[in-house]
């Protein structure tokens, strides 16, 4: 076996045996891949290495480097359009000379203001001087009031005085309160706390476990993804669906604005992305997204990652079902009265439902449309068959 054939399963750049890889030659993206390889001055001969492949991570890295290079050239062209720096320095020197030649009017104004204020203060003191006004005497200091005090020999009438203390009522004795002993009640058992599910570790899928990529896909759908996001957004005929529920044979994509407008629009997609079926209408008008923050991906670029996410979610769901069955079997059976037995069974069922629902919340990304999900599952074509 030739070395080129032995290395066909390894990435040509990072030499890692990747499960999702793209051939350099003989594909529709051949021109784009060769253009990206020129960025790192790497020339791969078609005759020597006809089966050379690239992994998905290396392609994404090269595309990011290509965008960075384009941004650098754009910034350089913008800087070249700015005026030279010599003209700005000349204007600064002229402004400094003008500031030095300006007379110091502020200092002279300050001196004049101090002199004027002193003179004005003197004039104002002379003008505002007034003779002191004699104070008015109170009624007690008048001679008539003094005479009245001296001549008044009338005895004081204590009964007419308002200072006589009125008899106060005695406080009544408070009735004796009987102390009631507290009622002793049986301790109420606390409800079992809701357990947090342990994270399920799922291995990476092999190439045989994933759906194979097709040579071409229709033009009416593609994918978008924000640089800070881990999941893709499906764009189907210009409409965005970003919340996926993964099933055994179909994936249910819900509208990206289901929370904001309570939209129930859903697209049923086969897991190999060859069949699409749109259900329900949107409850909102056209919404514009900031395209500068989103990266566009063709189906061949995004589907390897989408297939891997779908496979992992299905494996997690299967593992959780096995854990639930094992928990039910490990619970010991105790003989109790009939009433207590019914209560404990209801509590156990509630704990199990909470345990499973916690996983269901993790499985669905940003999904809270319970009504739309129930309608969707009731009209599922798989259940009808």
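Cβ coordinates are placed from backbone N, Cα and C, and glycine is handled just like the others.
Bear in mind that the values here come from a model prediction, so they are computed numbers and not experimental data.
TrEMBL annotations:
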DOMAIN    9-82  domain 'ZAD'
BINDING   11, 14, 55, 58  Zn(2+) binding site
COMPBIAS  79-88  compositional bias 'Basic and acidic residues'
REGION    79-205  region 'Disordered'
COMPBIAS  89-109  compositional bias 'Acidic residues'
COMPBIAS  117-130  compositional bias 'Acidic residues'
REGION    326-385  region 'Disordered'
COMPBIAS  343-370  compositional bias 'Acidic residues'
Sparsest Cβ surroundings (other CB atoms within 10 Å) among the binding-site residues 11, 14, 55, 58: 14
Around the Zn(2+) site formed by 11, 14, 55, 58, which additional residues qualify by having Cβ within 8 Å of the site's Cβ center? 12, 13, 15, 16, 18, 21, 54, 56, 57, 59
Could you give the mean pLDDT over the domain 'ZAD' (9-82), rounded to a whole number? 79
